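Annotated features in Swiss-Prot:
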type     : residues : note
REGION   : 1-171    : region 'Disordered'
COMPBIAS : 58-69    : compositional bias 'Acidic residues'
COMPBIAS : 70-81    : compositional bias 'Basic and acidic residues'
COMPBIAS : 93-121   : compositional bias 'Acidic residues'
COMPBIAS : 122-132  : compositional bias 'Low complexity'
REPEAT   : 457-498  : repeat 'WD 1'
REPEAT   : 500-538  : repeat 'WD 2'
REPEAT   : 584-626  : repeat 'WD 3'
REPEAT   : 629-669  : repeat 'WD 4'
REPEAT   : 670-709  : repeat 'WD 5'
REPEAT   : 713-752  : repeat 'WD 6'
REPEAT   : 769-799  : repeat 'WD 7'
Amino acid sequence: MPRRVRAQKRTAGVVEDEEVKAEQVRREHKAKQKQAVGSDAEQEEEELFPDSLHGPDSESDVTDDEQIDEEARQADRDLLKELVTLQGLNGEDPSDADNDDDDDEEEAASDDDDEEEDAEPSSDSSNEASDAGQEEGTTDPHTTTDDKASATTQMVVYSSDDDTSDEEHSLNRVGRIPMEWYEDYEHIGYDLNGKRIRKPKQKDRLEKFLDAFEAGNNGRTIYDPVTGKEIELTDDDINMIKRIQSGQLPDTGINPYEDYVDFFTHEKMQTPVVDKPEPKRRFVPSKWEHKKIMKIVRSIRKGLIKLPTSDDEKDKSSEEEQYYDVWGNEDDPNDPRIKVRQANHIAAPKVALPHHAESYNPPEEYLPTDAEAEKWRNAHEDDRERNYLPHKYGSLRLVPAYDQYIQERFHRCLDLYLCPRARRIRMNVDPEDLLPKLPKPEDLQPFPSAPSLVYRGHKARVTSISCDPTGQWLVSGSDDKTIRVWEISTGRCVRVVTVDAEVNMVAWCPNAGVSIVAVAHGHTVSLICPRVATAAIDKATAVLCNQSIEKPSQGAEEGMRATPTWNRIRGERQDQDGIFFEIPHHAEVMQVTWHHKGNYFASVMPRAETQSVCVHSLNRQSTQHPFQKRNRDVQRVLFHPTQPLFFVATKTHVRVYNLQAQALVKKLLTGVRWLSSLAIHPAGDNLIIGSYDKRLCWFDMDLSIKPYKILRYHKYALRQVCFHKKYPIFASCGDDGNVHVLHGMVYNDLGQNPLIVPVKIIKAHNQTSDGMGVMDCTFHPSQPWLFSAGSDGSIKLHV
């Protein structure tokens, strides 16, 4: 017989003997405890089942009861030691068996004698252990045929109340706690006997690498922080991990989509599905109901609850039989309540009389045309003037039933009982008194009111105009890819420059010492010298543009676009057209605007994914991108006239940034859907915006982030708004072909609100077939004159 089987049998017999001894000690101790007076259940339970992991007390003087407890605990410890020994035999390494071959030969004779003596106890104990294991249900399904004897013993060793515990097969008994608590100690926990488990030697990366090649496990080894050992995963574990990673169930034997069987609506069965015995509480009177009833009985005895008598029941029945007619005195004219009600009665409003269009044979002028009928059908119910279409019938008998009759009666009933009626005293107030007292427009002159000159020459719509600081010249850009310079006083075109794309905007440099025009066309911004100023100004402009500046290497950072390069134009284009620089951009440029000192100008690319705003330095001939985040909503930008503030207008908001602090100062809430234009007062405290939804908003930035005034006087979208630099007037133009001139006085007193008065509506240009009207407008720098650019290709001066 193999040594392992013999050892298992001997150990099983020892285990059985130790169990019998422990049971006898417990019975004796229990008998003595029953004789003791004043013992409670909790103390008896604690003494019967002591903690086997702790050693006995070190006290020398013990009583008889404590001696019995000590014997019981010693028996439990001996039993646990044998179980640990048995576990070591079951999990021993085959190499240990090979090393102990000599010991097996020496102990062969003694083993045979032990087998004869322990044959019956071993068989009995093994049978009892197997029966106990079957009752507990702790048999390992992976046990092989060679380990049948050890499996029966293991069922005794690992019997536990919690079959799902992860510590049953682990030597470390610290429980489910974070193992980080043992990082600063030399041990990682405690074994079954309460002894410390020292940390194994940690391998470095080289040793782990060599072990992986020597073992040949293909990276299947994982580290167990509870035991401090490396565990090799089996094929079943690898397959389970792969199934979990792919979102499947870990166990392949589980079918999550089994056919549903309805036990209670299927065929009738002979035996019930659930037939548990009735619990005892179904046959025993409820203790809690008894307490509630006794509480009510005590309240009745104390007089807190009074039971109804027979007289009370008669009175109650007589009261229930009495009825009251709420409408019985409605016909009594002497009732004072009826008189008050009739005096305060308000008659219901009468139904509106039918109109001529509701006739079955209306006149011809009341019958809608096909276009009007189609427009009525496409309109919303709330937008329709009437809820029916007039029809003409030859006779009354041909008129069909009115399909809106029930709906109208229903709304009439709602109006009668849901709408409250009240008497209101009509106030005799003149509507003119409700309007604010505004000064007369004649008292607010000067302002432009009449057309003076017409500048013709462009073959397509004029998109932008700008006046030079001296007020002598006017530059315009058009969709015909030309830039024209006009003399304001005579209307003569003195220079024409042709570019390679449609011109979106032109802006004259506000510095009177140089003569430079920034032109946005296509993906390029060009700097042009018109050469219409004096010789000294043209020379200063040439010196500024031709100066050589050492530039750093321009490269793109990671994830960003490269900085635009300033391409210097030389030769014939510079001599004839006056183009000094061309700055290419990565998207179409829709706006250019200058700083009030003329050293910087900004360009806007609304369709760019990133870096939609560029700030260019004329003196340094360089470009910066102040905003790196993705923003495709930027429509307009503007420099503050006196402070280092930068306005960035998106479709619905206006953000104000401080260029020195590089921080957001405030965010203005416009309330519009799509912003189109932006202008700031020369003092810098007030701002106006125009939008494509026909609104003009005036912002007092010292007052609030919301509009101070919202003006809705344009019939179509607004294209441009502008302030005069000297006079308290501002203007707006739109696709309706009109230019509105308004008086806007800003007072130095911060406690007084700005005064806004409409003074003139100028019919400047005709609306073209594409729905465009006035594209741009600007004021003369020193005179109360207004220039307007129309989609009809003309430019007009209003004085």
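Placed from the backbone N, Cα and C atoms, the Cβ positions cover glycine too.
Highest Cβ contact count with the repeat 'WD 1' (457-498) among the listed stretches 584-626, 629-669, 713-752, 769-799 falls to 769-799 (criterion: pairs under 8 Å). Contact between the repeat 'WD 6' (713-752) and the repeat 'WD 7' (769-799) is present: at least three CB pairs lie under 8 Å, with pairs separated by 6 or more positions in sequence.
Outside the repeat 'WD 4' (629-669) by six or more residues, the chain places 591, 593-596, 600, 602, 604, 606-610, 612-613, 675-680, 682-684, 687, 689, 699, 701, 705-706 with a CB less than 8 A from a CB of the stretch.
Residue counts for the repeat 'WD 7' (769-799) under DSSP, helix first, then strand, then coil, are 0 helix, 16 strand, 15 coil.
The DSSP breakdown of the repeat 'WD 5' (670-709) into helical (H, G, I), extended (E, B) and coil residues amounts to 0 helix, 18 strand, 22 coil.
Per-residue confidence over the repeat 'WD 3' (584-626) averages 91 (mean pLDDT, predicted model).
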